[in-house]
Amino acid sequence: MFSLGTILLVVLVALIFFGLMHRVLDRMKLSDREALILIGLMIVGSFIDLTLFRGRITFSLNLGGGIIPLIIAGYLIYKAGSTKEWVRALIGSVVAAIAVYFITAVLMRGNVEPAGRFEMLDPLYVAPVVAAVVGYLAGRSRRGAFIAATLGLILNDLFHLFYLFTTNTPGRVDLGGGGAFDGIVVAGILAVLLAEVFGEVRERLQRGPDTENRDSKLLEGLKNPEPELTSSLGITGEVKENEKENK
């Protein structure tokens with residue numbers, strides 16, 4: 001039985017294969033091949049846990065749900081269009097982590113009020129939704145939203161680890177593993193989806209993409225995309241070749 005996170009990643013692979021994710025990946029500065037490799041590493045890595053220390057407090061790091069998302073976030077920060085974008089994304093990560101911690105560890109703790117009002121909600125799915133929404137509101141761009149949402153959940157696990165150490169409470173933290181893997185995948189996908197949908201609406205309303213702190217080449221490509229013909233076999237560039245022949 002595959003987890004929700006794995007199923008969603010397989011769906012993403014299919015969407016990329018059929019060329020339906022090219023625009024989103026282009027905005028995130030990722031090629032189709034790079035995205036497929038990273039998704040493959042996440043799926044395979046989800047079965048690999050690296051135990052860093054064990055005892056009264058056990059801490060392990062999941063390759064697919066912890067290390068790979070950190071690598072992706074680091075790459076997107078490096079590729080950020082401006083300093084303002086990556087700073088906003090990092091601040092959004094902290095805000096998302098605090099929001100997730102407050103809702104899951106305070107409002108939804110135990111069966112007494114006020115948690116009793118939320119007992120029908122599963123924290124494993126509430127957390128990624130909260131992280132995605134906060135990530136989008138803070139990051140705004142596709143890259144910023146993904147960074148804030150995924151790092152927010154990872155930071156939340158680190159908050160829990162810090163709590164165990166400071167209170168000397170026995171426990172286990174599996175960073176990015178178990179249900180956290182599903183949460184990180186859901187949060188990342190949902191955050192980018194929100195940025196894509198609302199970003200598209202915003203661009204249509206203002207009749208073009210935001211120009212503030214945006215790369216000039218990226219803006220030119222967004223406003224005047226080159227014509228491209230894609231066949232069912234994925235063959236591209238025929239339009240460009242025909243234009244050269246006509247000249």
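If you go along the chain as it appears here, the first residue is 1 and each next one adds 1.
Glycine too: its Cβ is placed from the backbone N, Cα and C atoms.
Quantities reported herein were computed from a predicted structural model and do not represent experimental measurements.
In TrEMBL this protein carries:
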TRANSMEM  6-24  transmembrane segment
TRANSMEM  36-53  transmembrane segment
TRANSMEM  59-78  transmembrane segment
TRANSMEM  90-108  transmembrane segment
TRANSMEM  120-138  transmembrane segment
TRANSMEM  145-165  transmembrane segment
TRANSMEM  177-198  transmembrane segment
REGION    208-247  region 'Disordered'
COMPBIAS  208-226  compositional bias 'Basic and acidic residues'
COMPBIAS  238-247  compositional bias 'Basic and acidic residues'
- Ranked first among 6-24, 36-53, 59-78, 145-165, 177-198 for CB pairs under 8 angstroms with the transmembrane segment (90-108): 145-165
- Query: Are there residues at least 6 beyond the ends of the transmembrane segment (145-165) whose Cβ is under 8 Å from a Cβ of it, and what are they?
  - Reply: 28, 57, 59, 66, 69-70, 72-73, 76-77, 86, 89-90, 92-97, 99-101, 104-105, 127-128, 131-132, 134-136, 138-139, 171, 173, 175-176, 180, 183-184, 187-188, 190-192, 194-195
